[in-house]
Amino acid sequence: MLCVGVTLAVTLGMACSPSEGRTMTCKSGNCELVGDAEICTQCKAGGVPIDGFCWPVGSPQVITAGCTGLEGAPLTSSDGVCRKCSGTDHFLFMGGCYNKGTWPGSEICTAVDKGICTTCNTQDTYLFQNPANPATPGNECVLCSDVTSRDGVVGVASCYTCTAPGGGSGAATCTTCQPGYYEEGGKCKECVAGCIDCTGIDQCTACEDGKYLKTNTCVDASGCDETEYADKKTWSCKACSDIEGCTECTYNDTTGKPKCTNCNGKLIKTTVDGTTTCVDANGCAQSNQAGTHFLSNDNRKCIPCGDDSESLEADKGTPGCKTCTKNGAKPTCSECLDGYYNSANSGTATCEACPGKNCATCDKSTKDKCKTCTPGFFLKDSASGECIPCDDTKNGGSEGCSVCSNNSGFECTDCKPNYYKRTRGRSAVTCEKFCEDSAACGGTAGTCGAIVVQDTGDFLHYCSLCGDPNTFPINGICTGTKGDNTCANGVCTQCAAGYFLYMGGCYSAASAPGNLMCKTAEGGKCTAPNENNKYFLVPGAASNQQSVMACENPLGTAVGEKAYVGVEGCDTCTAPAPLTEAGMRPARCTACNLGSGKPNLAGSGCFKCNIPTCSHCSANGVCEACTSKEQRPNTDGTKCISCNIDGCTRCSAENKCDQCGDGYRLEGETCVQIQPSACKTLGNAGCATCDPNGGDEICLTCTKESDFLQLNKKSCKASCDGDGEIADPTSTPKVCKCDAEKGYQLQDDACVQTQPSACQTENCQECTNRGKENEVCTECISTHYLTPTNQCVKDCTTISGYYGDADKKCKRCHDACAECVGAANNQCSACPAGRALTYADDNHPDNGGTCGDACTVDENGCKACGAKIGGTDYCSKCSADSQAPLNGVCTANARAQFCTQVTEGSCTSCNDGYFLRDGGCYETTKQPGKQVCTQANGGQCQTCANGLETQDGDCSKSACHPTCATCTAASQADKCSTCLAGYYLDASRACTLCTETSGAIQGVAGCVSCTAPSGNQGPVLCYLLKGGDSTGGSTNRSGLSTGAIAGIAVAVVIVAGGLVGFLCWWFLCRGRA
């Protein structure tokens, strides 16, 4: 074996962006940009970078990535970086472990081997391949902005894209600089203060918050000229002449449009909705012309017919008048505005307000009854004439509805600002609340990013930033009344007595929603969390810092250089112990959310666990504790058994203990409590307290808190560095243990690697006819599932149409599904051709959904079903012009826009994170988009699901050979990477039917799911036979001898879920959006 020493250079990068969620846990000045992704390269002590984000040591993310120290040594709390990555598809890059199959790892690397990136993603030139051969592990890909020498090559400070240095050494050539910098003389120079992007020292193209762009410079609102206005939509000084003829104007916050104040000789005409235009005299009613405005006697004003504020009687309009005529004298009204009726019998109209509430029109004869209603109301019936608010659910309205009708039954057509629109039928919508503030925190200029967890576990969204700088988030709602709280520019920074600071706002502990988080507050901070245990107090927080944190918030908060974070997927928790120095520390999770698994005893994460009676599980699904106090896990942690012995943590049989917990020692088959005392013989071995143990003293705690107890408990040492040793993440104090996952067991004070199971079937735990020709596997090891042909696989989706059940067997999906995550017809993860998947919970696609009818014209708001994916029709054009297809279904382009350009019901340009196809936007993590594309960037697909790069964002032009599932070259039979179901990858990289022979690989008759044997010699390993059941079977139907089965490796590709999707959904507030 070739051993390579890794020297990891940790360099100082740029400051982390507050909007990206890394400022709390990333060590100061250690963020870098990879394209649009900000990554952390060194975390505060206690965390390490996984996919660019800091996760606590011992968390599921760190374990899955296989992040360790040098040569696989266990991580310590002071590391801050990974030095080796052993997780599936993970590679080492700038101090962190990244998955090549998920963002941002996919931006860096396209091929991985044994924790090392073998092919860097240089398509967008954010980085270049290190020409050194071999490169130092972790230095294979060099970021354009990396100024640390990587085997003799180096990037350029603050560079965004570049070309590799020529000659195999030296500096890269920068082609574009990072935002906030411009290129000059091969270097990137910083833009002037207030400018966040520029093309030169005096060529600003974008300004920081609160500044406006004016001719390549950044100014305050007062810096715009008299002939300009400060536009809050584009944050630039725009010309008043955008209104034709206007020379002076101001910005109208109410209408979000400019308001003209000087028309340079023309007249200002203001409509009912506040829009102003410049017109000449012909634009106003005069000389007995009828119009909505009339010309004043001095020919200087264009006055609305309903305006009676003028001092001259001849220029007074009639209140409530819509249309009038004028010829010198006072204007004559001929038609009334909505909400008024004409009380005159004939001649000039006399406009009086309809007595009924919210009337748009009413008749003189039945004036107390509304004939039609104003927007936001609907007519209950003609008999009552009553106008009902569109959102009055008690009287037939719909929650959140703002525009509606009741012509042939109630129909909602628009929603309030704090509700999303969901399409229902051709034009009707339902409204889904996304923010508790009725004005949505001021629209696009504000942020509804403060999430409060209810007792039920559901989320409520409140304001974290108010769009109007003169309003502030008090109890999550933007208001102009801040009381004694310290707030400015739309956010609060310190709270008064009885209030506490939480995500940009001040909350009262005495009322909702504050009392959902905090029970009592004193001195501007929370002093006791809600008894629902969904929040924890932040140790040492002051009144100007966040003092309470949700158990499942992984972004955390900081008290100086000390960061405290929640645990992803956690439902209830206890607060972390206070840090004594700079670092990060997670809460201790005590229970996980439904679907997130179960916590480990250390409380560092939530892990998948298929043992029903188990309350706590470790990373590999091994039970650590049982739900019943009268049970304990068996020795290998595969089930809970009756064993009610105090201090016992594992039992070999009923009421027979073989492992005791902290504070106890094993005597025979029971546990005896240890009485700590001063160490008589082991004090010089680094021990602080000991157990006399009948004269054979053993160490209980170490003098140095950072040290580990050795295996024999006779001394302490700085790390667990012996053969087969690892640190026990569940133990306090810290102890070393043997790595059971790699087959090590404690023997005579040392870790010894034991022999594998005598069963010859790969990864088999229990079998009949052990070691004989007719051996049949009956139970796989804990990490694997039994197939219908009695083989063991790590992932049952290796067999098309099967899933892994709780009894560790591969079971057939429901007939309604093509693929699934469970047995029911509402647990489908893919559908047969001609059927479309609807997820049970769109936020949790991993839970599956139901297969229903494909797209039909004029149903669900679809006008054309022109998109076909996987043999199923999806919508390509919606009936409503404001909607566009999202994942093949017509959807309102709501606050979290997926489409940047909607044109007549179709999308022509998608937002980042989606890709454009046949008039709609699709996500790579959901059906049907995941069938087409695995990586999207800038609104276009970058990498097709078949492994090939797109051609101008189009995957239909990049097809593998018909036998390949994924490939490295189009249409070539010998360039397959993986095969379709029923095929195996042979030695020539071609896909061959499971029933056919290729070279030294022999096919198996009737086999419909298989993989090639190790060494590409012998019969295929068959997982499923034609007509096979899903019970796991009782006989070996693979058609293979034991000798042929032995040693065959199963290749299973596991695509891990992406962190970024979670962060965008959870707490992360990006800029003004």
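Using the three backbone atoms N, Cα and C, a Cβ is placed for every residue, glycine included.
All TrEMBL annotations are machine predictions without curation.
Note that this is a predicted model, so its numbers are computed, not measured.
The average pLDDT computed for the domain 'EGF-like' (143-189) is 93. Sequence annotations record features per position, and here TrEMBL assigns domain 'EGF-like' to 143-189 (among others).
Feature annotation from TrEMBL assigns domain 'EGF-like' to 190-219 (among others). Tertiary proximity for the domain 'EGF-like' (190-219) is limited to same-chain residues at least six positions away from its ends with a CB under 8 Å from its CB atoms, namely 158, 179-182, 184, 228, 230-231, 234-237, 469, 489, 1072.
What TrEMBL records for 304-352 (among others) is domain 'EGF-like'.
If you look at the domain 'EGF-like' (353-388), the same-chain residues 6 or more away from its ends with a CB under 8 A from one of its CBs are 320, 338-343, 395-397, 402-406, 410. Annotation comment: TrEMBL describes 353-388 (among others) as domain 'EGF-like'.
Counting residues 6+ beyond its ends, the domain 'EGF-like' (389-432) has Cβ neighbours under 8 Å at 358, 375-380, 438-440, 443, 448, 858, 860-861, 878-880, 883, 889-892, 894-895 in the same chain. Feature annotation from TrEMBL assigns domain 'EGF-like' to 389-432 (among others).
The domain 'EGF-like' feature in TrEMBL is assigned to 642-672 (among others). Nonlocal intrachain contacts for the domain 'EGF-like' (642-672), taken as residues 6+ away from its ends with a CB within less than 8 angstroms of a stretch CB, comprise 624-625, 629-635, 691, 693, 698, 731-733.
The feature domain 'EGF-like' is assigned by TrEMBL to 766-811 (among others).
Among the features that TrEMBL reports, domain 'EGF-like' is placed at 812-852 (among others). Below 8 angstroms of C-beta separation, residues 595, 797, 800-803, 805, 870-872, 874, 888, 925-928, 931, 1029-1030, 1057, 1065 of the same chain, each at least six residues beyond the ends of the domain 'EGF-like' (812-852), sit close to that stretch.
Residues or ranges marked as domain 'EGF-like' in TrEMBL: 877-922 (among others). In terms of DSSP secondary structure, the domain 'EGF-like' (877-922) contains 0 helix, 26 strand, 20 coil.
For 954-992 (among others), the entry in TrEMBL reads domain 'EGF-like'. Proximity of distant same-chain residues to the domain 'EGF-like' (954-992), defined by a Cβ-Cβ separation under 8 Å and at least 6 residues beyond the stretch ends, is recorded for 799-800, 932-933, 941, 944-948, 998-1001, 1003, 1008-1012, 1016, 1020, 1053.
TrEMBL lists 1-21 with the feature signal peptide.
The transmembrane segment feature in TrEMBL is assigned to 1044-1068.
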Reduced to three DSSP states, the domain 'EGF-like' (812-852) has 3 helix, 15 strand, 23 coil
Summary of DSSP states over the domain 'EGF-like' (190-219), given as helix, strand and coil counts: 0 helix, 18 strand, 12 coil
When the domain 'EGF-like' (642-672) is classified with DSSP, how many of its residues are helical, how many are strand and how many are coil? 0 helix, 19 strand, 12 coil
